[in-house]
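The following features are taken from Swiss-Prot:
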- 8-93: domain 'Core-binding (CB)' (DOMAIN)
- 114-318: domain 'Tyr recombinase' (DOMAIN)
- R161: active site (ACT_SITE)
- K185: active site (ACT_SITE)
- 214-239: region 'Disordered' (REGION)
- 214-228: compositional bias 'Basic and acidic residues' (COMPBIAS)
- H270: active site (ACT_SITE)
- R273: active site (ACT_SITE)
- H296: active site (ACT_SITE)
- Y305: active site, O-(3'-phospho-DNA)-tyrosine intermediate (ACT_SITE)
Amino acid sequence: MSGQPMAGRDGARLESFLEMMSAERGAAANTLSSYEHDLADLREFLGRRGQSLTEAQTPDLSAYLTHLAAQGFAATSQARRLSSMRQFYRFLYSEGLRGDDPTGIIDAPRKGLALPKTMSVADVNRLLGLAAQEAATEGPGQLARIRMHLLLELLYATGMRVSELVSLPVKVLRQEGRFLMIRGKGNKDRMVLLSRAAIEAMEKYEAGRKALSQEKSKAAASQKKTDTAESPWLFPSNSKEGHLPRQVFARDLKDIAIRAGLTASAVSPHVLRHAFASHLLQNGADLRAVQELLGHSDISTTQIYTHVLEERLQELVQTHHPLAKQGKNLD
């Protein structure tokens, strides 16, 4: 760690951020002033928690937004503060000044207790379609594009938590059939079903990994290196955990959402998990079955999705209930 005092380092990086926004982004003076004010307020809040602006983690930033809400800030004002935070931490990440973006999985504040965000089937298809198209594009970075396509197919096909998704072991590539065993909260195992599209994406990703591994082995052999051990993770990374950080995936998901013409704030790993559950229920799935697939230990947790059933249940009652039929006969 640098010998520079924490307060001094925070100030220097904040100054560098503002200089970048001015020189490279052409931000107006009022915009720069807003960034400076927002981040100075965040810095003061973090200081009271014994945390620095540079090293703040997701829970620290979420606590700040909660603090703003408790102070009576409108959702729009909270969203502006979050936007300033996103710009700053993306700058730190892009400059290599920290290894992650702690704002990647923070959703924009919203008023009141809202129903779970979800996506329409059309929007999900749009997202998956673009991911497949980009994965098929040859050239530099193709394996990363294939990986992104697989991540999205797995997430929508299974409804996995993002923490479960990014930490899948590489041994899942050796599993046969359409079922996948995953380990969720409390180290509880559960079985999920893979779609045909997810299986095909996994096969393409496996082929890409093998090709890269062979290239690395050849390079190591030419340099007489022997350390070519394979990562135990399906989505390896140079992160502390060794696998793809969920914040990085969340950020990349918002980027591809924008390219697909969707609103970035309306798309996140958790929203895709909600879409998985909502679309199953809309098409007649049993709530208990969805509970098992999501890995909820309590049915009450799954019941937040019952709002999607209202229209379908009304139609079922009108079509199949004996009294409803009797009423039709009397007409």
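Including glycine, each Cβ sits where the backbone N, Cα and C put it.
Bear in mind that the values here come from a model prediction, so they are computed numbers and not experimental data.
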Secondary structure of R161 (active site) (DSSP, helix/strand/coil):
coil
Given the active-site residues R273, H296, Y305, which lie within 10 A of R161 (active site) by CA-CA distance?
R273
Roughly where does the domain 'Tyr recombinase' (114-318) sit in mean pLDDT, to the nearest integer?
87
Taking the Cβ of H296 (active site) as the centre, how many other Cβ atoms fall within a 10 Å radius?
17
Using Cβ-Cβ distances, find the residues under 8 Å from R273 (active site) that belong to the same chain and are at least 6 apart in sequence, listing them in sequence order.
L155, G159, M160, R161, V162, L294
Since the record lists R161, K185, H270 as active-site residues, which of them has the fewest other Cβ atoms within 10 Å of its Cβ?
K185
Taking 10 A as the limit, how many CB atoms besides its own sit near the CB of Y305 (active site, O-(3'-phospho-DNA)-tyrosine intermediate)?
22
Taking only the Cα atoms, work out how far H296 (active site) lies from K185 (active site), in Å, as a whole number.
9
Helix, strand or coil by DSSP: which one applies to H296 (active site)?
coil
DSSP-wise, what's the residue breakdown of the domain 'Core-binding (CB)' (8-93) into helix, strand and coil?
68 helix, 0 strand, 18 coil
Just the number: how many Å between the Cα atoms of H270 (active site) and K185 (active site)?
15
Where K185 (active site) and Y305 (active site, O-(3'-phospho-DNA)-tyrosine intermediate) are concerned, what is their Cα separation in Å, rounded?
20
